[in-house]
Each structure stands twice: as C-alpha cells, then as structure tokens.
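Now, the feature entries from TrEMBL:
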{"type": "DOMAIN", "residues": "488-712", "note": "domain 'Solute-binding protein family 3/N-terminal'"}
{"type": "TRANSMEM", "residues": "12-32", "note": "transmembrane segment"}
{"type": "TRANSMEM", "residues": "44-65", "note": "transmembrane segment"}
{"type": "TRANSMEM", "residues": "77-102", "note": "transmembrane segment"}
{"type": "TRANSMEM", "residues": "141-161", "note": "transmembrane segment"}
{"type": "TRANSMEM", "residues": "182-202", "note": "transmembrane segment"}
{"type": "TRANSMEM", "residues": "214-239", "note": "transmembrane segment"}
{"type": "TRANSMEM", "residues": "251-269", "note": "transmembrane segment"}
{"type": "TRANSMEM", "residues": "303-324", "note": "transmembrane segment"}
{"type": "TRANSMEM", "residues": "331-354", "note": "transmembrane segment"}
{"type": "TRANSMEM", "residues": "383-400", "note": "transmembrane segment"}
{"type": "TRANSMEM", "residues": "406-427", "note": "transmembrane segment"}
Amino acid sequence: MANSTDRKGHLNFSTWVLIALVLGIGCGLFLGEYVTSIKWVSDVYVGLLQMAVLPYVLVSLVANIGQLTRESGMRMLRVSLLVLLLLWVIGIVALAISTLAFPKWDTGSFYSSRFTDSPPAYDWKSLFIPSNPFESLATNSVPAVVVFAIGLGIALMYLPNKEKLLEPLQVLIEALAKVNKMVVQMTPIGLFAIAAYTAGTIDLAQLSLLQGYLLAYCLPAVIISLVVLPSLVAAVTPLGYWDVLRASRDALITAFVIGNSFVVLPMIIDGVKRLQKESGLDGNLNGDKPEYLVPLAYPMPDIGRILALVFIPFAAWFSGTVIAVEDYPPLLGVGFLGAFGKPVVTVPLMLSIAELPSDLINLYLISGVVAARFGDLMKTMHLISFTLLTFCVLGGSIRFKLTKLVVGLTSSLVLLLAVSLGTRIYLISEFQDHYSREDLLTERTMLPIHGDSSFQEVGHKVLETSQPNPQPIRSGESRVQRIQNSGVLRVGFNSDRMPFAYFNGQQQLIGFDIQMAYILASDLGVNIEFVPIDRDNFLQQMQEDHFDVAMSAIEGSVSKAIAFPASEPYMDVTMALVVPDRDEQKFRDIEKIMKLPKLKLAAIKNSFFAELARKDFPKNIQIVELDTAEQFFEGQHQKVDGLVISAESGSAWTLRYPHFAVTNPLHGRDRVPLYYLSYKDPDFDEVIENWLRLKRADGTYQLLYDYWILGEEKRRKPPRWSVLRNVLGWAD
C-alpha cells in the first residue's frame, strides 16, 4: 500500500478521500435526517463531475482511433473483443454461482396496480443509433455517443491530412482532462456530503427487507473487485496483485462512494497510465493508449451489470415462484443486451419474461441505494482490468504464470461458492421465518387516518346470526332517520372476502369495506352492528331488513342491477385466476388454457365471476361453484384446477396460502364493479353516494385502497435513528 503522506509530510489525496468518507458517515449517523440540508453540495459535486466526462469520451475516442492506422485499429478491436469475452464469461460464471444463494420459498403478495400493465418497450434504436448525435449527448446516451465516435474515428483514420484535426483535438482532450482534474480536487468535500446524506437518510427497514438480494450481490461484488480480477491480471501480466490494487484504489473508492463509475473515467485513465509508467510498460505500445481503451469499453456490458441479473432469481425467490428452465436463455440475452443501457428499463422486461410481478421493480429501485455502489465498484475494476489486459496483449507483454493462475482461479471459485452457500444457509435459518408474508395479512390492524380513530370510538358488535332489525322502519320514517334515532348502523358482511372483509389472527373483523363501514358510522354519529350475509338468501335478507347496507365486496350482476337500480359502484376489480404454483405457466394466457384437456375451474356460488367464467372461458371448461374461496385453498375439491376470482382478492388469499399464484389470462379485459347495496331506499343510496364522493375528495378512500388492497404501509415513520436524537436526546 502507498504511504499515507507525501514526501513533504502532507496527507495525500487518497488519505483525504478516506478521511472525508469516514467523517461523512459519522456526520450522517450523528445528525440523522437533519443532514438533508447539505444534499445540494453532493448534487453540485456530481453535476460538476458529469460536466466534461461525456465530451471527453467523445473527443478522446475520435482522436485516438483516428490516429491509428488501419492495421493497428483492426488489431486493437479484435483484441478488445477477446478480452471483453473473457470478462463476460467470468461475469456469467459468477452469476450462475450467485443464484445458488436463494433457497426455495413459497410466498404470496398483495395486488399490484401494475397487474394489467404491459411491460415497457425497449427502444434499442435510440439507444445505439445516433440519428441525432447532439440529442445523444444531451440525453447521456453513452452507447449512441460511442457508436458515433467510433464511426467518426474510423473515417478519420483513412484521411490523408487528418493531422490538421488531430492536433486541435488533442488540445481539447487536454483541456477537458484538466477540467476533470480540477473537479476531482473537490472530491473530499463532495464525498463527505454524499456519505453524510446517505448515512443519515437511508431507510434501515428497507435494507433489512432486501438483505437476500444485497447479500447475494454485494458480497460477490467485493470478491470480484478485490480478488478475482486483480488476481487474473497478476496471473497473466508482469504486474503484481498489489500493484493493480494500488493503482485502482482512488477510482474504486470514489466510484463506490459517489455511486457513479462514469465520472471517474479520468481517474481510471490516470491510474492505469501511472501503473504503466511505474512498471516500465509504457514503451511497449505503438500508439495504443488507455485514453481510448477505457472509453471504448465503458458502454459495453460489464461484470457488474451481468451479476446484477441475479435480481431476477431473487425476485422469483421473493415471490415464491420458480423460473422456468426455458426462460433462462431469453433472460440472459435480454439482460446482456440491456446492459448497454439502463437496468431500470431492462428489469421490467425481464420480470415479464420470467412471468414475475411487475411491481417487483420497486424492490430493485430501493436496492439501488446500496447495490448500485457495488455495481460501480465492479465496473471500475472491470474497466481497469480490461485496459491492462488489452494493453499487455497489444504490447506483447502477456506472461502466463501457471501457479498464480491456478491458485487465483481456485480461490476465486471457492470464495464465490462459500459466499453463495453461506448466504443460502443464512436465508434458510433467518430470512424466511422473519418475513412471513402471511403476517402482513393476518396481523393487519385498522389504519389511523388524519387522526381518525372511528374503529375505537364507535361502539361495535359482530353478530353470529342474521335477524331482521329489531327496530323496524316506522311509517313516515326514512332509513337514515331510523339509523339516527336508534343510534345503530347495521352493516351486512361476508368474512370470506379478503382483503375487503375478513377476521385477522386476533379474530377481529377488519378489511377495506369494514373500515369504510366504521368511518360511515362515525360520520353519522352512531354505533355499528355487523350482520353476517347469507349468500344464498342475500336478496331475502335485504327485503326483510336484516341490515341497512351490505359492505363486503358485493359484485355487480344483471340480477342485482334489476333489484338495486339506483346503486353506483365504489370500485372496479379485475377478473383473474388463482392456480397452484406448479401450474402457473399453464394459465398465463387464454390460448394456453384452451389447449388444456378436461379443465375444471371453480367460482364462488352466486357471484358475478361464476357468470363471467361461463361466458369468457371455452365451453369445454367445467365451472364448479363453491360456497367459499377457502374450500378451494384447503383442497376440499381436489379435481378443481383453478379459482375464478378478482385479482385484488386472489392476491390477498395467496398471502395466507403461498403455494398458489394469481394469473391474468384475459389481460385485464374483464372488470367487475363492486357496490355498497341497500334495499329500495333512494334517499339512503344518495347519502351513500355523496359520502363516497367526500371520502374520495378528502383522500380517505385512496389511503384505504393503498393500505388494504395494495398492501402499502401508510403509518407515519419515526425519524431515522441518530446519535443526536436517540443517544443524546438533543432533538425531538
């Protein structure tokens, strides 16, 4: 390692960077969320770093390729491709080993608002084709800029008087490099601000939730960056292992802390040039320089982005599903091509290919706070290794050291396997039990809204049997008047309608519609009685005045439209299928379903889904009516292949029964309205409709929808832990 001071006794740049990093983390932990006031410093620093980098890449590629001869240029491209192939193979092997970290785990998930969305299309043309080079520069489309630069450089290579352009381009390269060096001198200040902001604001709960992916990605990233690649370079070149690490130290630290490998390209080039000079290799080449090798490799797929594909096996494990074997080749192909661009566009497409919930992209975005930094760490070492290996091949300096190669290869494989298997053992023993997805449903409680505590203030009673209202509506009395005079609102419910109405683990009646009923009673200033609905005699119960309003995900139908003509729906749900995990692939599309012989589907008796199933599915499919959804999940009808139900409700059931999955064979084509129904009382119907408009307007409806249907937690988060608040008690 280099000394921490220079010859005059002053601290060197690397030491200042490390000091700034440590002080920044300490500042963030001490101040917590109060550190957000210095975020502008980090934004300014990163913006200044980005200022001259893309122009530098463009100009340096044009100038350095342009000065080559035809023979040397083609040789450089051939060697570069071979070195990249070697590094890509290393990345694919590391990816295969990392996938071993995820044990089989069955789980379900809440409904996603993206359930019916189509995956975003990848615009490969604009990514690679610089139809407007200035637009590519303005939008930071690195692959397109590199294609333009390579094309211009190759054209320049054949011009007889190219020196007239090359000389001013070299001056411009030096000027841009000088700008980058000036900004890099501010690195300790910028890194302090970035480290402080990250340490003070990062959500520790999110990190805990994503530990499976972070362990499977970040630990191999460290091994690849600090062991695998430096060992490879040391085994086939005259350079030593510690020489490679010492030359790459500044760039690795800066890229990791900033979370951006692009802005450290000048640092990578300087580090490689310094190592070449120190090792005496800088005289071995005829014009081949790191100034064009590094920018040439930057837009290509790197080991970091290849290893990042481990998120897809993680997403499958997190969702409790298994990726089909036939899906792996297209996944790897799309992931590899997508590595030229931004993963945020590629990941949704890969989730679609793997037939995983599209909303898992949110987990990927959350993990980026940490994982992206390890990706930049790997990309930086990837670029350094590529440049050194290509440099030595072109200069004839390759020296195979068989012992070092065997030891390096063996130790790398052992370390990667040990990390992956260790992560697997840890996840089996800790992660699965700690994050039981069923608890998200069974341990759920009512959501406090704007200080509202209606479920606590309103007197409530859950009746075991259904009887007519003991206080009939008198002559000249409306239903609203009866409710206010008696002080009781009677609500019909069906406890088989998760997440709209069900009993939790403490046998409390909860759900979206149940909380809406509590809020309605609170707004009316009355208590509430919940009356069980008899599905076979629902209309009779309404006629005999068993309850004032039914609030339990009542689906619309033609018969209900005739009986309750004044009603307006409060929600539309999507018809879907719930099937065992093992059969999920068979029921992804209606065309696949039509090819299945002797198919038998279940639907809830007297539900609109039973009517739709008979209408939308082929006639050769037998529809079996069940009394409750639980009969299907408990296997009381062994010969039933799937359950026709809403995606919103089916998703909640998969939390309790994680061996099942929700599919969308009709692609969201059929939407089913849900109603709050009362019997032939237009005045009360108008009260309900106006009340619903108010709840939508004040945000109550949306809050409850996000909480109960989408499974989002809306509880106010406590302030981030900090020494200032939690240890010293100097802040509220």
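Each residue, glycine too, has its Cβ placed from N, Cα and C.
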Tertiary contacts of the transmembrane segment (182-202) (same chain, 6+ residues out, Cβ under 8 Å): 13, 16-17, 19-21, 23-29, 31-36, 38-39, 41-42, 44-46, 48-49, 51-52, 254, 257-259, 266-267, 369-370, 720, 722
Under 8 Å for C-beta pairs, could you tell me which stretch among 12-32, 214-239, 251-269, 303-324, 406-427 has the largest tally with the transmembrane segment (383-400)? 214-239
Where among 12-32, 77-102, 214-239 do we find the most Cβ pairs under 8 Å to the transmembrane segment (251-269)? 12-32
Apart from its near flanks, which chain residues at least 6 from the ends of the transmembrane segment (12-32) lie with a Cβ under 8 angstroms of it? 2-6, 187-189, 191-201, 249-250, 253-254, 257, 719-725, 731
Counting only residues 6 or more past its boundaries, what in the same chain has a CB within less than 8 Å of a CB in the transmembrane segment (303-324)? 87-88, 90-92, 94-95, 98-99, 101-109, 212-213, 216-217, 220-221, 224, 229, 331-332, 335-336, 339, 343, 347, 350-351, 354-357, 360, 363-364, 367, 371, 374-379, 382, 581, 584-585, 658-659, 661
